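Over in TrEMBL, the protein carries these features:
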- 2-132: domain 'EamA' (DOMAIN)
- 151-286: domain 'EamA' (DOMAIN)
- 6-24: transmembrane segment (TRANSMEM)
- 31-49: transmembrane segment (TRANSMEM)
- 55-78: transmembrane segment (TRANSMEM)
- 90-109: transmembrane segment (TRANSMEM)
- 115-133: transmembrane segment (TRANSMEM)
- 154-172: transmembrane segment (TRANSMEM)
- 184-203: transmembrane segment (TRANSMEM)
- 215-238: transmembrane segment (TRANSMEM)
- 244-264: transmembrane segment (TRANSMEM)
């Protein structure tokens, strides 16, 4: 079932990106991020405890706290790249987070995958890289060159590694709750994130509560879509290797491109067809 969960999460993620793109015309990034974590908490609380109190252990707390912390660090390093105007040039490298996820899954979760699935991941990685390079309007090799000539680009590489570690922590949390309950994992992680972001917004953005009131329904919609996306992805983590789920989910890049074509009339880049073929072929191989 992991494959279908991953594919569904990619589709939901594409919708989430389009919604968030629209909302960001009205609110700033930290406020949207806070809303994605905070708004679903009441519903997640009910989903977590409606059948009783699940059994958890120390590894559950390690997984959820580790996921929240590594996510915050990854986000901070990414914002540092934005501040130094490097992100647009090195963003194509984000596709390689799949590779890091595979390595960490192998080391910490003992997850192995078939050769055909590994080749599929490589094709998805290549397709995603080409699409991102086109969108950044950069030469295919520029991001790699910057790794050697721009120290700041290494910070983005660290952010990718931390993002991959986040997924591993997620699975540690998911596999240490009985009965299996992805809602309580997301509830715990979102609670950590909400507390951290509330402190940040209170300190940095004095008018953030009014912004929420003025955009409440849009933010609520975005948060519910995001909650659904993460729970579906978590179901994939539970039933299959993390690297494969993350790899198939990367197809969201292709789906966003298609949705943008129909909704925003954004014409696809010239290498989009080749990238699409790579990614679709990769999906087939991961399913074999």
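Cβ from N, Cα, C; glycine included.
Given the structure is predicted, the values throughout are model-derived calculations rather than measurements.
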Legend entry - Long-range neighbours of the transmembrane segment (55-78), counting only residues six or more past its ends (CB under 8 A): 33, 87, 155-156, 158-160, 162-163, 165-166, 169-178, 184-185, 188-189, 192-193, 196
Inset, instruction - Find the member of 6-24, 115-133, 154-172, 184-203 that has more C-beta pairs under 8 Å to the transmembrane segment (215-238) than any other listed stretch. - result: 6-24
Inset, instruction - Taking helix as H, G and I and strand as E and B in DSSP, count the residues of the domain 'EamA' (151-286) in helix, strand and coil. - result: 113 helix, 2 strand, 21 coil
Inset, instruction - Sort out the residues at least 6 away from either end of the transmembrane segment (184-203), same chain, that have Cβ-Cβ distances under 8 Å to it, and list them. - result: 30-31, 33-34, 37-38, 40-41, 44-45, 47-49, 54, 56, 60, 63-65, 67-69, 71-72, 170, 173-174, 177, 227, 230-231, 234
Legend entry - Positions whose Cβ lies under 8 angstroms from the transmembrane segment (31-49), at least six residues beyond its ends: 20, 23-24, 75, 181, 183-184, 186-187, 190-191, 193-194, 197-198, 201, 205, 208, 211-212, 219-220, 222-224, 226-227
Inset, instruction - Just give the helix, strand and coil counts over the domain 'EamA' (2-132), going by DSSP. - result: 107 helix, 2 strand, 22 coil
Inset, instruction - Could you pull the average pLDDT for the domain 'EamA' (2-132)? - result: 82
